[in-house]
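Comments concern the structure below.
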């Protein structure tokens, strides 16, 4: 189920201004068949202050989005507290523990991966996170471009997802991007 997409999140600073960017490809795969090539797997939450994206089962991901959005509203947009509460709820609920989806959530201050087991992972570098079947390709490309090229963050995300789309059969180059 996790072989259906690539999502890449980037949090950083450019020209003295903090930024957060998330991008994803548009491919939806069922077995060895591409069902759709222009799906949207990223969205804004909490009045456009939080970016999010998912990989995995679409129905499961929407359940997680709804739950996370409710918690985020209750915590008045506090991403750190919302992520921790979300993880606690996820682990307590037997139904949620069986969901086959992962999420990236970020703003200009924080970036997290929410795993299918309810784990919360903050990326080692605190800047770049990737999930999905092409996630490792996108992550590698993004780290290289971040460290060795002088590109704007949006271009880093675009180029990294394009590279993943060239290498991963479950990822395409129909890229959508959101930014704060």
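A Cβ is built for glycine as well, from the same backbone N, Cα and C atoms used for every other residue.
Within 10 Å of the C-beta of residue 5 (active site) we count 31 further C-beta atoms, all protein chains included. Residues or ranges marked as active site in Swiss-Prot: 5.
The Cβ of residue 168 (Na(+) binding site) has 21 other Cβ atoms within 10 Å, all protein chains considered. Residues or ranges marked as Na(+) binding site in Swiss-Prot (evidence: sequence analysis): 165, 168, 171.
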Would you say which of the binding-site residues 165, 171 has the most Cβ atoms within 10 Å of its own Cβ? 171
Residue 168 (Na(+) binding site): secondary structure state under DSSP, collapsed to three categories: coil
Cα of residue 168 (Na(+) binding site) to Cα of residue 5 (active site), in Å and rounded, measures 9
Could you give the Cα-Cα distance between residue 5 (active site) and residue 171 (Na(+) binding site), in whole Å? 5
